[in-house]
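Per Swiss-Prot, the features are:
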{"type": "BINDING", "residues": "His72, Gly113, His114, Ala115, Gly145, Ala146, Asn173, His284, Glu359", "note": "thiamine diphosphate binding site"}
{"type": "BINDING", "residues": "Asp144, Asn173", "note": "Mg(2+) binding site"}
Amino acid sequence: MLLQKINSPKDLKRLSIDELKTLSAEIREIIINTVENNGGHLASNLGTVELTLALHYVFDTPEDKIIWDVGHQAYTHKLVTGRAKDFHTLRQFGGISGYIAPWESEYDHFAVGHAGTSLSAALGFAKARDLKGEKYKVIAVIGDGALTSGMALEALNQIGYLNTDLIVVLNDNEHSISPNVGAIALYLAKLRKHPLYRFFKQTTQNLLKNSSIGKGLLAFDLKLERSLKSLLLENPMFEYWGFKYFGPFDGHDIPVLISVFKGIKDNLSCPVLIHITTKKGIGHKDAEATPSKFHSIGAKIEREKKVPTYTEVFGKALVELGEKYPEIVAITAAMPEGTGLSYFAQRFPERFFDVGIAEEHAVTFAAGLAKNGLKPVVAIYSTFLQRAFDQIIHDVCLQKLPIVFVLDRAGIVSDDGPTHQGIFDLSYLRLIPNMVISAPKDESELRDLLYTAINYPGPFAIRYPKSKGVGIGLKDHFERIEIGKSEILKYGKNVLILAIGSMVYPALEAESILKTEGISPTIVNVRFLKPLDVLTLEELISSHDVIITVEENVITGGLFGAISELVNILKLNKKVLPISLPDKFIEQGNAQLLRDIYGLSGHKIAEKIISVLEDVKV
């Protein structure tokens, strides 16, 4: 295999064009086999193989800096930068990351996992280079989906204004996770589909591939191309932003990519945007046909009995409620399938809004809808809702607007690593006035909390994990839950275990283990982090000797903080002991393995409590 000879990008430069094409096929096979075993991002990585090889072939990395957006399309980059031998550990505990990781390689310049960051970071690299008097190229690689984010557009504005030597490669595959939406997507489609421009592109690409092209010929070709674009397009958007724009080019045509990159590298030292078009999932029949389904896939596991995920339960419950409440509208940021809102979108397309990768806009857009009498449900992954923190405070909670925030992927999120762990939401939401914060113990309670939230006249957050439910039966109706009311699941003595959300069932498992040791704890489903069930908790805390909080959240600011503050305010003279995630970023790994490591599984909770009781001699 050719890949066995590639220890660094310098080895790529010795290959012929035909060998690069052969290497592309090898890399696709390795990516498919690895992702089918380990899980990971399949379609996006299959679409960027040739692009990645051409970038490393032309530019002198790591001296020249390639700054990737999101990073979930960089598997080829990892394979040709010395990590091929470890690629089988992709996304595994202790293995290589599925994203760009500077602690892993000198070729990974900027840690990433969220969309829209590459242009700002690349501009920072470029300006630092200029101020230090250094000479190298900075190349930002961003997808058309990420380009819709406000942060990316802010950076484009600044890059053009500063007239900085910076190359932006726009990888246009018409998708982020789901098909792209919005005016920018329509603009790029106009570029791709204009018949005269497509004829011109085919002609020039044949010239680029089949001729011995000198700098002068390439410069002429690029100039002619830009002139033709001005005739075809009324508003050459990127030119107005101060970029020299070239493309679209076929992102799977290695000779064309190499020629274009070389010409621009050698001739231009200003903001340049190179527009390439790629096919997401190319090389895998199913991923190519339905790239959204193969954006990210799970590892191979044994088939279990059919238990719906929390995502599925939420999505279907919202459709049921949508039938009853015509004021319900649903909003997501480029993830209708991932959040379960695809069910609602199919049933009520006119009441569904996918705003693209624009979480800040999503929240304030929802605020406007709520202000005018509608009931927005905003479904966003926990880790991505962080991006709209100011909007939640300023535009929603300050005005007490009736918006339901549905935080999918809360808690530990298996193999995607620190950028995707949903372990901060209890903390960052709890400090905001007027916000109700809840977490269901199971899928049935999720349905009832959603129903409760729809009928609540203010901001209401529901968080739940990326997992199947616990397997209990679902009622055929909804029941409203009293706001702030906890649930006592087991009555015991001496030891009080206060658990929330995904930690309630592990706490019950721990209770069964503790019983065999002669320990009979009281188990409480806290359910609402805010407001707390003060009366019930005061009575329970006062009547127990050992108070334990259990949460799948960092220790700072979540359930432990809330109960500790309550104990202090009520002057209860009790010590609260936390079982939570530590004050650190949590690495990648199987979710259950990580819960074991950090003491959040049932048997680990029991072990911790036994240890505590030995220390306090209860």
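Cβ coordinates are placed from backbone N, Cα and C, and glycine is handled just like the others.
Taking the features listed in Swiss-Prot, we show where each one sits on the structure.
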| residue | record | DSSP (3 states) |
| --- | --- | --- |
| His72 | thiamine diphosphate binding site | coil |
| His114 | thiamine diphosphate binding site | coil |
| Asp144 | Mg(2+) binding site | coil |
| Asn173 | thiamine diphosphate binding site | coil |
| Glu359 | thiamine diphosphate binding site | helix |
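The binding-site residues His72, His114, Asp144 differ in how many other CB atoms lie within 10 Å of their CB, and the one with the most is His72. By a simple count of nearby Cβ atoms, those within 10 Å, the most crowded of the binding-site residues Gly145, Asn173, Glu359 is Gly145. Separating the Cα atoms of Glu359 (thiamine diphosphate binding site) and Asp144 (Mg(2+) binding site) is a whole-number distance of 16 Å. Recorded residues His114 (thiamine diphosphate binding site) and Asp144 (Mg(2+) binding site) have their alpha carbons 14 Å apart, per Cα-Cα distance. The two recorded residues Asn173 (thiamine diphosphate binding site) and Asp144 (Mg(2+) binding site) have their Cα atoms spaced 7 Å from each other. The record assigns His72, Gly113, His114, Ala115, Gly145, Ala146, Asn173, His284, Glu359 to the thiamine diphosphate binding site, and the maximum Cα to Cα distance across that set is 31 Å. Counting in whole angstrom, His72 (thiamine diphosphate binding site) lies 14 from Asp144 (Mg(2+) binding site) by their C-alpha atoms.
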